[in-house]
Amino acid sequence: MQIERPNVALIAGVDEVGRGPLVGDVVTAAVILDPSKPIAGLADSKKLTDKKRQALAIEIQEKALCYAYGRCSPTEIDELNILHATMLAMTRAVEGLSTQPEFVFIDGNRLPKLTMPAQAIVKGDSLVAEISAASILAKVARDNEMVELDKRHPEYGFAGHKGYPTKAHFAALEQYGAIKEHRKSFKPVQRVLAQAKGEA
């Protein structure tokens with residue numbers, strides 16, 4: 001599938017990581033690539049090995065014209081809901097770019113609030129280089145944060161499942177309860193909190 005690109009110089013790509021996990025921030029990245037510094041091997045971050053993602057993230061940071069991260073905390077996710085929090089995090093990423101883009105490609109089927117023209121592209125992380133780069137930066141940043149959280153709370157196994165709802169994560173929630181980084185509005189976490197209060 002060929003994506004029609006607008007005839008402007010500054011195009012940003014935006015993607016998110018972390019809508020599904022029960023813990024931690026939803027993390028987004030916005031990237032404007034430098035056409036004079038091509039990056040080989042850009043692809044959907046989910047299709048790359050961790051080692052390849054880490055290497056590409058460094059290369060993107062070195063070669064991109066500019067990049068920025070946007071995030072929403074578990075508290076914001078609980079207040080807004082995950083969809084609205086994701087949109088807000090995307091807006092924050094674009095607003096954080098040191099050079100503002102003339103056009104923005106967003107991964108997915110919804111557009112966040114932006115001051116410039118934008119287009120949402122389903123599976124954009126496989127179709128648009130700027131979105132691929134953003135997906136890699138966001139994934140590496142969030143995964144690294146989960147590794148750090150794992151050091152503080154090793155009993156939950158965050159370094160392995162990255163906060164996603166796995167059997168191991170459910171078991172740890174049942175055994176140890178929720179930590180402050182857990183998203184209290186997500187049903188599995190609500191269930192554990194209710195049990196702890198003796199309501200379930």
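Here the Cβ of each residue, glycine as well, is placed from N, Cα and C on the backbone.
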Swiss-Prot divalent metal cation site partner of D15, E16, selected from D107, D143, D150: D107
Assigned element (helix, strand, coil) containing D15 (divalent metal cation binding site), judged by DSSP: strand
Any further residue of that chain within 8 Å (Cβ to the Cβ centroid of D15, E16, D107) of the recorded divalent metal cation site: V14, V17, T28, A29, M90, I106, G108, G124, D125, I131, A134, S135, A138
Local confidence of the domain 'RNase H type-2' (9-198) - pLDDT mean: 96
